[in-house]
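Per TrEMBL, these features apply:
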- 12-34: transmembrane segment (TRANSMEM)
- 40-62: transmembrane segment (TRANSMEM)
- 82-107: transmembrane segment (TRANSMEM)
- 113-134: transmembrane segment (TRANSMEM)
- 141-159: transmembrane segment (TRANSMEM)
- 165-187: transmembrane segment (TRANSMEM)
- 208-224: transmembrane segment (TRANSMEM)
- 244-264: transmembrane segment (TRANSMEM)
- 285-304: transmembrane segment (TRANSMEM)
- 316-336: transmembrane segment (TRANSMEM)
- 357-375: transmembrane segment (TRANSMEM)
- 412-429: transmembrane segment (TRANSMEM)
Amino acid sequence: MKNIARNFFYQSLFQVTKIIIPIITIPIVSNALGPSGIGIYNYTFSIAQYFVLVAGLGVAIYGNREITLTLNRNKEELSKVFWEILTFKAMTTIFVLMFYFALTFFLENKIYLLIQSLTIIAVFFDVSWFFMGIEDFKKTSISNLLVQIVTFVLIVFLIKNEGDALKYTLIQALGLVCSQISVWLFIPKYIHFVKVSIRNSFNHLKGSFEYFIPQIAIMLYTNLNKTLLGFTMGSMAVGYFTNSLQLNTVFITIITTLDLVLLPHMTGFFAKENVTRIVRMMEKTIHLQLYFSIPIMFGMLAVYDKLVPWFFGEKFIYINNVIPYFSALVVIIPLGMSISRQYLMPIGHVKEYNKSVIVGAIINIVANLILLPTIGFFGVVFSNILAECFVTFVRTRSFLKSTDFKFEYRKIGIFLLGGILMCIVTRSLTSNLSSSILTNLIQFAIALPIYLTITTLFKASPFLDLLRKK
């Protein structure tokens, strides 16, 4: 448990930095680039991500699992697995880059797309799967933290107006490459060079491809939305859509940090044939997650209209119409991710995982075909929400059927009651206040005590369990 706590701290340190920096840069970038600049960056980034996906070919998750399962063997075997996976990834990256450069010449925004190719190159240098597998988060978190800070400084001092969209794209792409390369400084401590054959490297194709299939599906119900909006409605629509999801992304990153730390630990339990222990731990982690995600959802509903004008800028006032719909995803997405990362992946139930994301992809595509031509922008919004709901539903249903996991509905009901009351009271007391950071701080000061009081009085707070143990 100490190892989990330590890894959670370092992973949280990096994830919190990934959260805090965007919170500071979002207002700067949004006001400088506007919906159009934000849209061009995200539209071209969405195109590059299809190629990033193919270049990675599921190695991020597959490699993590393989390293964890090889960890108790000798250094020679660990090194062999590492270099085989890396050689395999080098082949896929080179192959994908050739196709990407060929496609670039047939599309608009060529310079942006060429810069985005750096994100594909970064795939080769990405060895985060290795460090996740050996459960060493300290070095990678610190090195990535330093790169994040440098990127942040460059954005603050160099991004001033709409003409800096290209500069912003370059900063982000180079930052990604540098963050991946910097981690290589620590590789020699754990492995040594081993010459491997290309044939043996491609033995990892089947295993990684199992994790690649669901990633295709995930791309089809996440990234596809931005591509469709950019293609049919232009870059401004992509800008609105992207910023509508920014707050969700920040909160989901916080909530799901524990999953990344627990994945190798849960795989270790499975290797020892201790599935029961996985389920018992999840009974704690899932309810802890809901304790935070439910009030965050209602908190967003309480503050969004006072937040958007000063945080994103007046140019993005339109997203006030979208954020209330997306707020539910703060609860839905982390729940589905936890079931996959803490249970399905560690025990090797890839088929169940694949099924959930394939269902999500189909729902998203069909919904977009129906709704995009009829209600436009909101067709993509509702398609995204519908897809995420189905993904979590399929995973939860499968999980409950195959285990003796029990949701504590009384506690969840209290979480909902606390969230609803804090939202109603907070909005009522601050309805006449203007949009400002001070107003949001006042709203937070009102909302938090209400939620903590209700969950504590009804004995639903997980912190009470900690106090009892002491």
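Placed from the backbone N, Cα and C atoms, the Cβ positions cover glycine too.
These numbers come from a predicted model, not from an experiment.
Listed as Cβ neighbours of the transmembrane segment (357-375) (distance under 8 Å, sequence separation of 6 or more from its ends, same chain) are residues 213-218, 220-221, 224-225, 228, 232, 382-384, 386-388, 390-391, 394. Counted as Cβ pairs under 8 Å, contacts with the transmembrane segment (165-187) are highest for 113-134 among 113-134, 141-159, 316-336. Among residues of the same chain six or more beyond the transmembrane segment (285-304), those with a C-beta under 8 A of the stretch's C-beta atoms are 247, 251, 254-255, 258, 262, 320, 323-324, 327-328, 330-331, 334-335, 338, 342, 405, 407-408, 411-412, 415-416, 418-420, 422-423, 426-427, 440, 443-444, 447, 451, 455, 460-462.
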